[in-house]
Amino acid sequence: MPVESGSSASSRQAKQKRKSHSLSIRRTNSTEQERTGLQREMLEGQDSKLPLSLRSNLLDLFGQIEREFENLYIENIELRREIETLNDRLTAEGQTIDGGDLTKGALKAKASHSTSQLSQKLKTTYKASTSKIVSSFKATTSRAVCQLVKEYVGHRDGIWDLSVTRTQPVVLGTASADHSAMLWSIETGKCLLKYLGHAGSVNSIKFHPTEQMALTASGDQTAHIWRYTVQLPTPQPVADISTPCDDDIDFSDKDEADGDGDGPSECPSIRVSSTTLRSHQGVVIAADWLVGGKQVVTASWDRAANLYDVETSELVHSLTGHDQELTHCCTHPTQRLVVTSSRDTTFRLWDFRDPSIHSVNVFQGHTDTVTSAVFTVGDNVVSGSDDRTVKVWDLKNMRSPIATIRTDSAVNRISVSVNQRIIALPHDNRQVRLFDMSGVRLARLPRSNRQGHRRMVCCSAWCEDNSSCNLFSCGFDRQAIGWNINIPALLQEK
């Protein structure tokens, strides 16, 4: 009996190995089967730089994939048989289902029927749970028109805060990380006065309700009160560069200019404050005047807010209770109420209306730092947070917000228009959005390579008495911007 040679035996083993790794599913197209077999033989016959063990592992993996595919194919055949059986039953009842396409067959109809009730329940539950949440992408029937009127450029570092005077002459004030605060002509964009009395970043600026005095808070752990006298220059005509708020396209970010343009080199300056408030052990992040202007409140990173008497500079009350650093403070325009926000995810309402009782209420509703909380003319407080939400609260019912606005970016120091009751939201993503008190989005200020902020927007402030600019925003791109916001009456009614 003839004996096989070593070469012929190894050749047969190689063929058996190739055969064991061949596709086990029969193909009806013989041409395709031959082509696949030839490709596999060509690949195995080619020289490879891969190690033998690695090639063996790859073949094992391919074999596993092949077996999985075969199992799926068998399941597919079984499912088709079940569909045929169901069709036979339905045919006897006068109905027919095309089983050629699994995505349109009996299984889909069966699954759709079995899940229709569950789907309806989920939709009902979702609508009920989100009834108080207003989507920020809700379309409006009419669009607001936002016009960039003036840019105020001159600071050498980011601008943290801005404010508008409540008395004549109406000027804009900015507080910057460059250790200075500036007063600007709203119409011309020219710097009128520069305050240089702080030794640290100026984090906040607020104007006295009736007199020409400014209150600034600083990283040097003090708050300063200083008097100013300015003369407004003759306004220049402004070019019309109005832009529909929702039609802006962010083409590209223009690089920050190395120079500051026409800076306020000839701007007069003040270097000494009339009153210095000292008692904090940390950065004073914000300050505001109480109604009447005889007392001020300051908020600090030492977790306390202090109430001072303006005339004597004495500390009247130290408001403690926050677990972490304070981020902002605000006073009610007509009542002796103070609200302080903190990194501890809460904000607190302090009531000084009764001299003998100083009550405090804690608002818990955010999941991250509360960056600001401000009063409205009515009995509402609006709070913004790093958790990308803004909540509207009723002072008479503090358990839950009456409206919640969800955004796609952290919210910084917000402001509410007194006349139109519109909330302006400055964001970390360089956007400024406008909402009404019910949480319906009204507009987004244009931001492109030609206009708008190029860095984080830190603060917004409304001006109710100026016709050219009624909204201001500032950011870490070292500039403040004056906007003219035209909200149609239809949107205001909503």
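Every residue gets a Cβ built from N, Cα and C, even glycine.
Now, the feature entries from TrEMBL:
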COMPBIAS  1-13  compositional bias 'Polar residues'
COMPBIAS  22-31  compositional bias 'Polar residues'
COMPBIAS  32-44  compositional bias 'Basic and acidic residues'
COMPBIAS  245-263  compositional bias 'Acidic residues'
REGION    1-44  region 'Disordered'
REGION    243-268  region 'Disordered'
REPEAT    152-194  repeat 'WD'
REPEAT    195-226  repeat 'WD'
REPEAT    277-318  repeat 'WD'
REPEAT    319-360  repeat 'WD'
REPEAT    363-403  repeat 'WD'
Quiz item: Could you give the number of helix, strand and coil residues in the repeat 'WD' (319-360) as assigned by DSSP?
Solution: 0 helix, 27 strand, 15 coil
Quiz item: So how many of the residues in the repeat 'WD' (152-194) end up helix, strand or coil by DSSP?
Solution: 0 helix, 23 strand, 20 coil
Quiz item: Given the model, what does the mean pLDDT over the repeat 'WD' (277-318) come out as?
Solution: 96
Exercise. Could you break down the residues of the repeat 'WD' (277-318) into DSSP helix, strand and coil, giving a count for each?
Key: 0 helix, 24 strand, 18 coil
